[in-house]
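Notes to accompany the following structure.
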């Protein structure tokens, strides 16, 4: 007679086998009812013997309790995005760039896949067992969705087969088939629940549930398309070979993956998929085209946040016709005035569209748009609604000219348009309510001053009630004043006050980024902070001095110089410092007096480090007299390459710049 352990092992093995046949091979051998019977038998045995339950059991897909919030997972290898092409000419230009970059006229073959319209995820297996899963997030850090991913039956909790790597990070797309999407919405309408606009939104909403039991009820599925971390094992040296190996281990791969021998075959694949698109049963918005050879991929490298060896060939966006009811003008954080078309609502690609951006005055002139016109609306990339053209043959007689404002629609200040720029801007600065709201929202955001609990709606109310006019006013708020806001009780109000107090202790780089200087993002702010060290030195810097900072050109230097030249901005900064905003004093370093191999050198870090964080490494390098830059140029003296170094390493090699690895960096730091 079999032992309980043997029965459990056999049931789990049988169920995993049938999950593989159903989800990966699309060739089920048993009816659903038989699968359900086996699952019930396993569940009953595990209920009687809970001490024998294993984490990879098919019964353990459903989490037991909701989470309070998602924690973060940092991607060991960044999840990069892809560049897009939208027509054959652009694809052929991409193909030529690839051919030109490869030496010796090497033959290029292409692995072509469907571009699924879902949610990109990363799944980590250790010794074949699923241990974590994360969303793409910002490409560097994503949300921990492990409990939810475990509920998706297409994703194996344990890989099967031989030669499975010790650590394998699989990347792919979670999506919702059309039939499942329609059923979710049908159930929602019947029960008065939330109706989703399209399958992608439904997939994202299902996967980002704090309660995995809800995710388990949604018929999500998954196809894998790539690899991140790979340790303690090997994979084939072609992209297609890797996908086929994934399939052998039990991971689902689309059966539409195709190897193409030429650009002509790629175009034929694209048109065939476009033709079949309505019958696939799930949403796609194009095809993904990748160089098949891993060696060639490595040779081609990366640029910015995308590989040079892959591209997304998007399908033409879906279009509809409707009428322009009116054109209104919105004011953004930097004073940019953007015209927005208010439309007769129309469904485009499954979404009800009632507004579309018109970008600027030049675009209105190019379109020849008048209020009342019949227009063609497109969801560019199936996401952002835009006006494609005016249907002049059906123009009504009572259309009206669109008049671009000469004064800000919010504060009445003059509108100016700098010669050579397409964007018109309000000159009202912080006296403009619209700019004030957006500036304050940026100021408190996570990557800026990081004021926890200070959401957009709170900022809106604070500005509308005239409690806050400048960022410094935020630090004068009391719990009593906040309690008067909508949905803000005494406890929540005190939490916000505490968060503001905590935010006073920041870094020079975060403070600069929070000020919202035009063209100054996080990387530029960090570069300015590292180079000048103190606010006083930065405020006094000339445009010429500012351009000595790595990655700062004449445009950014001018914006920074003009910002600090404006008295109202200096006054706001003084108020912030008076309210207690502060950061650690810089370590004053004279590179000439430091006996260090890094002294006086411009250094760039790339890839992931295993022995210390990037921030710690930067701090140590600066202490030893280095200037740490964000990108590689002819001014770069040294590149430190960690794991999965990408385009920066390739550029350094191209320019003949010295490159060292993490081990050598640590040795030099120790010396």
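Even glycines carry a Cβ here, placed using N, Cα and C.
What Swiss-Prot annotates here:
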- 115: active site, N6-AMP-lysine intermediate (ACT_SITE)
- 32, 33, 34, 35, 36, 81, 82, 113, 136, 173, 290, 314: NAD(+) binding site (BINDING)
- 408, 411, 426, 432: Zn(2+) binding site (BINDING)
- 330-334: region 'Interaction with target DNA' (REGION)
- 453-458: region 'Interaction with target DNA' (REGION)
- 519-524: region 'Interaction with target DNA' (REGION)
- 551-556: region 'Interaction with target DNA' (REGION)
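Here the features listed in Swiss-Prot are placed on the structure.
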| residue | record | DSSP (3 states) |
| --- | --- | --- |
| 34 | NAD(+) binding site | helix |
| 82 | NAD(+) binding site | coil |
| 115 | active site, N6-AMP-lysine intermediate | strand |
| 136 | NAD(+) binding site | coil |
| 290 | NAD(+) binding site | strand |
| 408 | Zn(2+) binding site | coil |
| 426 | Zn(2+) binding site | strand |
| 432 | Zn(2+) binding site | coil |
Pairwise Cα distance for residue 432 (Zn(2+) binding site)/residue 136 (NAD(+) binding site) [Å, integer]: 36
Binding-site residues (411, 432), the one with most neighbouring Cβ atoms at 10 Å: 432
Fewest other Cβ within 10 angstroms of its own Cβ, chosen from the binding-site residues 82, 408: 82
Residues of the region 'Interaction with target DNA' (519-524) by DSSP state, where helix covers H, G and I: 3 helix, 0 strand, 3 coil
Cβ atoms near residue 34 (NAD(+) binding site) (within 10 Å, other residues, all chains): 12
In sequence order, the recorded positions (82, 115, 136, 290) whose C-alpha falls within 10 A of residue 411 (Zn(2+) binding site): none
Integer Å distance between the CA atoms belonging to residue 136 (NAD(+) binding site) and the residue listed as 'active site, N6-AMP-lysine intermediate': 16
Model confidence over the region 'Interaction with target DNA' (519-524), averaged pLDDT: 81
Length of the line joining the Cα atoms of residue 82 (NAD(+) binding site) and residue 426 (Zn(2+) binding site), in Å: 35
Residue, out of the recorded positions 115, 136, 290, 426, whose Cβ gathers the largest set of other Cβ atoms within 10 Å: 426
Residue 408 (Zn(2+) binding site) versus binding-site residues 34, 136, 290 - nearest by Cα: 136
Cα-to-Cα gap, residue 426 (Zn(2+) binding site) vs residue 290 (NAD(+) binding site), nearest whole Å: 45
Summary of DSSP states over the region 'Interaction with target DNA' (330-334), given as helix, strand and coil counts: 0 helix, 2 strand, 3 coil
